[in-house]
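Below is one structure, written out as structure tokens; the observations come after it.
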Amino acid sequence: MKATKRPVQAVATWVRRQPPKIKVFLAVVSGLAALVFLRMVVHDHDNLFVAAEAVHSIGISVLIYKLMKEKTCAGLSLKSQDLTAIFLAVRLYCSFVMEYDIHTLLDSATLLTTLWVIYMIRFNLRSSYMEDKDNFAIYYLLIPCALLALIIHPTTHHNIFNRICWAFCVYLESISVLPQLRVMQNTKIVEPFTAHYVFALGVARFLSCAHWVLQVLDTRGRLLTALGYGLWPSMVLLSEIVQTFILADFCYYYVKSVLGGQLVLRLPSGVV
């Protein structure tokens, strides 16, 4: 007798069989439903940004546990960690000279842990680093972000250099995970701790995106004008949306794998 599939597996199988346009539609609907839920549950939407930083820190903590317990950095992208350290350092500089708040403290803690991860990969665990798999040329990310920041940046009263730096870290953050996705694309098999870390990044990015979208809705668009004029407000919102959708596909397969009881995540061809 043929075994009956569990509801979650049946839904996952049905979604996987749908054409790309239907998958995109379902993803958009799911995202909108999540936004409506967060708007109903979370009254102070600034808490979403704090939650995003906290989830990112949890993801880093998972990495630290992996590095200390398993004594290996296999499957991790040093280049993604480098990019993360760069945009966090730039954002911290902007925070100190433009607006010092709770986000500054959270970014400081995240930067310190990220630098520790980089140190472990570069020196203590160098022998297990998969350099041949971590083959994304990061200048393809740094240079376009820098050029875009020169062209489109905030129009506030702050110093022009600080405004360009602010734009640069916003753009770089949105795509800093791409080298990590390339490593997973090259290996096809993602061990649990790395999968937990990347999923935490996906959740953090979604919460950050939800924070911006809900703030825009609650202020009826006034938040965008407060950020300045021209293309900058739209680029901020677009950056948040881009970094969320970059990780959406991986998060789907992660949830599917966890619900299916699989400890090791195997990615099909074409994912990430």
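Every residue gets a Cβ built from N, Cα and C, even glycine.
According to TrEMBL, the feature transmembrane segment maps to 24-42 (among others).
Under 8 Å from some Cβ of the transmembrane segment (48-68) lie the Cβ atoms of residues 38, 42, 76, 102-103, 106-107, 109-110, 113-114, 116-117, 120-121, 125, 193-194, 196-201, 203-205, 207-208, 210-211, 214, all in the same chain and six or more residues away from its ends. The transmembrane segment annotation in TrEMBL covers 48-68 (among others).
If you look up TrEMBL, you'll see 104-125 (among others) marked as transmembrane segment.
Per TrEMBL, transmembrane segment is recorded for 137-154 (among others). Within the chain carrying the transmembrane segment (137-154), a Cβ under 8 angstroms from the stretch's Cβ atoms is held by residues 79, 82-83, 86, 160, 163-168, 171-172, 175-176, 178-179, 227-228, 230-232, 235, all 6 or more beyond its ends.
Using a Cβ-Cβ cut-off under 8 Å and counting only residues 6 or more beyond its ends in the same chain, the transmembrane segment (160-181) has close neighbours at 76-77, 79-80, 83-84, 86-88, 90-91, 93-94, 97-98, 134, 136, 138, 141-142, 144-146, 148-150, 152-154, 198, 201, 232, 235-236, 239-240, 242-243, 246-247, 250, 272. What TrEMBL records for 160-181 (among others) is transmembrane segment.
Sequence annotations record features per position, and here TrEMBL assigns transmembrane segment to 193-214 (among others).
Per TrEMBL, the feature transmembrane segment maps to 234-255 (among others).
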